[in-house]
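Participant: First the structure, which I've put down as structure tokens, then a few questions once you've had a look.
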Amino acid sequence: MRIKKLDLFSLLVILLVSYIISTIWDIGITKLGPDMPAYINMYISNNTYGREVGFEFLINFFNFFNFSVGFFFGFICFFITTIYYINSKKILFDKNNISYTLLFFALIFYSSWYINAIVNGVRQGISLSILHFACLYFLTEKKYLKFILFFIIAILFHYSTILILPFLFLYLFSFKKLVFLWIVISIFYILGFNEIIFMKITSLLNLESVYFKIKDYSSYQIQYYGFNWDLFLYTVFPIIFFLPFYFLKKNLFDNFTINVFKLYMVLCFPYFIFGFSNYSNRYAVIAWFLYPLLILLTIRKINFKLNFLSFLIVLFLFISSIFYFCIIRLNLQEML
């Protein structure tokens with residue numbers, strides 16, 4: 001019964017967030033992301049030319065039933081967040097208590113990439129939620145045919161997801177070999193070697209247009225261009241935090257835990273390789289979708305004691321994250 005109550009509580013939180021997001025789209029607040037006006041026009045005019053097949057189908061389906069803009073994007077928020085919650089249950093299958101659930105929501109509400117996924121980069125948000133579901137439930141369990149099926153579905157909502165394909169074979173490496181390669185490639189990214197190597201390879205293959213298409217992705221005002229220390233440190237932190245525990249207390253971590261951290265490292269490679277471009281954070285977010293789950297998984301595995309004091313701290317984090325999400329990230333005072 002406790003698990004069902006937690007699921008009901010989580011559903012209510014997700015519905016509340018989805019309702020807020022739906023209202024934002026309906027009243028036309030578009031300051032949260034540069035792509036919002038284009039998405040509104042796309043849905044109202046039912047013009048999906050040049051967009052992915054999966055997203056085109058979704059718009060046509062909701063337009064067929066004459067649902068409002070807000071309902072459509074509220075549904076997308078509900079879908080992304082629900083899949084994310086389902087993914088968390090794979091991580092915390094034996095730790096179903098209120099503290100972990102509150103901490104899960106606090107972590108995503110404090111994450112800037114989450115708000116971007118549900119109001120601005122919605123196509124990539126849908127795609128990555130499906131991709132991570134496939135990775136956690138099928139790739140880590142060696143159910144490769146099911147993984148391939150869901151991977152294809154993920155690509156249908158955002159074609160850039162295919163950039164992960166060249167790096168998937170790295171998942172077959174042993175953990176130590178993958179850590180070594182991950183460290184080397186991350187250092188190469190800092191030094192700018194990865195861009196030089198990629199540019200040389202595309203030049204040799206007469207594919208210079210691919211290099212420039214990635215480098216000059218958008219004409220919008222650029223917030224993140226190329227290597228950026230804060231993005232890089234944020235991205236590598238979960239692995240740097242985990243490695244001392246792994247090498248000092250290796251017996252704490254089962255194969256599933258190791259596989260999840262291997263998965264995160266693999267998903268970092270598109271950022272390390274293509275992160276020389278405009279909006280380099282759009283490559284980093286491929287891995288970031290696992291970020292809160294890695295933190296929860298580490299806490300779970302080191303047997304951190306969630307006593308009454310820690311529960312109060314987690315409760316405070318959850319409540320404060322809601323205020324942060326609504327007031328700072330969504331700027332809801334404009335709606336009042």
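Positions of Cβ are set from backbone N, Cα and C atoms, glycine also.
Annotation comment: TrEMBL describes 7-25, 64-86, 98-115, 121-140, 147-173, 179-198, 231-248, 260-276, 283-302, 308-332 as transmembrane segment.
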Participant: Considering only Cβ pairs within less than 8 angstroms, which of the stretches 64-86, 121-140, 260-276, 308-332 has the most against the transmembrane segment (98-115)?
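Facilitator: Most Cβ pairs under 8 Å with the transmembrane segment (98-115) come from 308-332.
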Participant: Which range wins on Cβ pairs under 8 Å with the transmembrane segment (147-173): 7-25, 179-198, 260-276?
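Facilitator: Most contacts with the transmembrane segment (147-173): 260-276.
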Participant: Take the transmembrane segment (7-25) and find every residue of the same chain, 6 or more past its ends, with a Cβ under 8 Å from one of its Cβ atoms.
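Facilitator: Cβ under 8 Å, 6 or more out: 32, 36, 40, 69-75, 77-78, 81-82, 85, 98, 101, 105, 118-119, 325-326, 330, 332, 335.
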Participant: Let me spell it out: take the transmembrane segment (308-332), skip the flanking residues so only those 6+ beyond its ends count, and list any with a Cβ under 8 Å from a Cβ in it.
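Facilitator: For the transmembrane segment (308-332), the sequence-distant neighbours (Cβ-Cβ under 8 Å, at least 6 residues beyond its ends) are 17, 20, 24, 29, 31-32, 98-99, 102-103, 105-107, 109-110, 112, 115.
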Participant: Are there 3 or more C-beta pairs under 8 Å linking the transmembrane segment (260-276) with the transmembrane segment (179-198), counting only pairs at least 6 apart in sequence?
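Facilitator: Per Cβ check, the transmembrane segment (179-198) touches the transmembrane segment (260-276).
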Participant: Give me the stretch from 64-86, 121-140, 260-276, 283-302 with the greatest number of Cβ pairs under 8 Å to the transmembrane segment (231-248).
Facilitator: 283-302
Participant: Six or more residues beyond either end and a Cβ under 8 Å away: which residues meet both conditions relative to the transmembrane segment (121-140)?
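Facilitator: Residues 33, 35, 39, 51-52, 54-55, 73, 76, 79-80, 83-84, 86-87, 90-91, 146-147, 149-151, 153-158, 160-161, 164, 171, 256, 259-260, 263, 282, 285-286, 289-290 contact the transmembrane segment (121-140) from elsewhere in the chain.
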